[in-house]
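Below is one structure, written out as structure tokens; the observations come after it.
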């Protein structure tokens, strides 16, 4: 008898069910919006502020409109119609979402507001519709008094939002793609409509519900309309941290994170550098007093693990690599021939936490954890650089792989990070990887040695030292310190990373690709460049947009005579037969 009373107490009436599900769906769609918008607009504080603002505005308008109509129009059937319309709009999102996001990115707005049109058009209407549910449910509530009815509705809606937040964050996103998650919310909306219409179904109700289910299934099963990456997508997923794709383009396998190129591997020659910026990772070996002093190397940020694999292969050194996303590590092992060994150790951890907890010191630390529009601010601050400095040996070298412009309006992040590193280390060097003021990889290298090593000395060391790679052309990208008077030193207390990245929104990220043979060749000859945006620096004239859907340009550089590597990378058989190298 007691259990029956308990069941009766927790059983939801139809209006209560509607409010609860509207809370689940609205919060789930809000979190989903961040994943759908991020590949085009990033996930900065401006993007999330826009998402939260649009959802609150749409819900408020829905509450207001629903409240005005509730007294004369509130019925279970009306609420069912709201959920069916929401399901129909979700089907549109599945099919047209990518196309609409890319199309609306062209609306001429200041970069920090650029995501507003896409968020408003894609997620404003369904959120507005869900706003009708609460006032309708309050009107239909069996509770005594307006105050009790309203409080009950608000509580159920909030509980639903909590469930939607946790379910989407901890279960749906780690397990399903964006379209599949949208499908789940579409089916949930149809199911709620069916529950609200029972038992008095009509043929029309059954037909509409069945039709929307078919539309949702067809939308999920069919191809999404929009521009996709060029090549064969062999694997893609949503991780708790980012959207991940592995794409084969001929013999080249590329890792995309949030729609941007991150790493690449030549499947026919896995030891070859594909993206030119990874060659700069070897420059610290020319900034130590002796090249044979490099015995311990740390990489913060994994991706395709190009640098860690190459260092473990080429040098007699222990290499530790730290990657926060466990799915990135798994994908690197599955698709990019990452193999742990006594020499190469991979840790799933936050880079700052790892440095704080380890007692090991390193000869070289490479920070490779930054993306064009998504930077973990805790890895940029003065306090973090002090921690990294403490984990370096006396002759240790820190290399920071930034994505920024080296000059011009889009250079603020690079210049602020340079100023931050310069406030901590004795000597700091800059090596842009491409000419001009375009967004590119900029390598900032810092040492504890107060004596600056000249470009001429680096060239001489390059000729003299046997480090298995010719870095002459990389050394010739040696640049003077930038102007930093107008940018802040980043600290844990004040690190406006999002505003510093803001000028890069919508700009192309230029990646130089090598044309190495036999595992190695220098690239980026200074003679093979043409004038670029600022008239003083340059960008390779052979630049081509590999894929118009990407905000990334690839540049094929001419090959130079090869320098033989010290050893060959051991091959690994992939577990997926059709994507084996």
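Glycine is no exception: its Cβ is also placed from the backbone N, Cα and C atoms.
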### Query
Pick from 204, 323, 417, 426: which one does TrEMBL list with 242, 350, 351, 376 for the same S-methyl-5'-thioadenosine site?
323
### Query
For the transmembrane segment (113-133), which stretch among 17-38, 45-64, 79-101, 153-174, 181-201 has the most Cβ pairs under 8 A?
45-64
### Message
Using other CB atoms within 10 angstroms as the count, which residue among the recorded positions 323, 350, 368 scores least?
### Response
350
### residue 376 (S-methyl-5'-thioadenosine binding site): tally of other CB atoms within 10 A of its CB
18
### Query
Looking only at residues six or more beyond either end of the transmembrane segment (181-201), which have a C-beta under 8 A from one in the stretch?
14, 17-18, 21, 24-25, 28-29, 32, 35, 76-77, 79-81, 83-84, 86-87, 90-91, 93-94, 97, 168, 172-173, 209, 212-213, 216-217, 219-220, 238
### Query
Does DSSP put residue 376 (S-methyl-5'-thioadenosine binding site) in a helix, in a strand, or in coil?
coil
### Message
Given a separation of at least six residues and a C-beta threshold under 8 Å, show me what packs close to residue 242 (S-methyl-5'-thioadenosine binding site) in the same chain.
### Response
38, 257, 258, 325, 374
## Note on the structure
For residue 351 (S-methyl-5'-thioadenosine binding site), the nonlocal same-chain Cβ neighbours (under 8 Å, six or more residues apart) come out as 300, 301, 322, 324, 367, 369, 376, 379
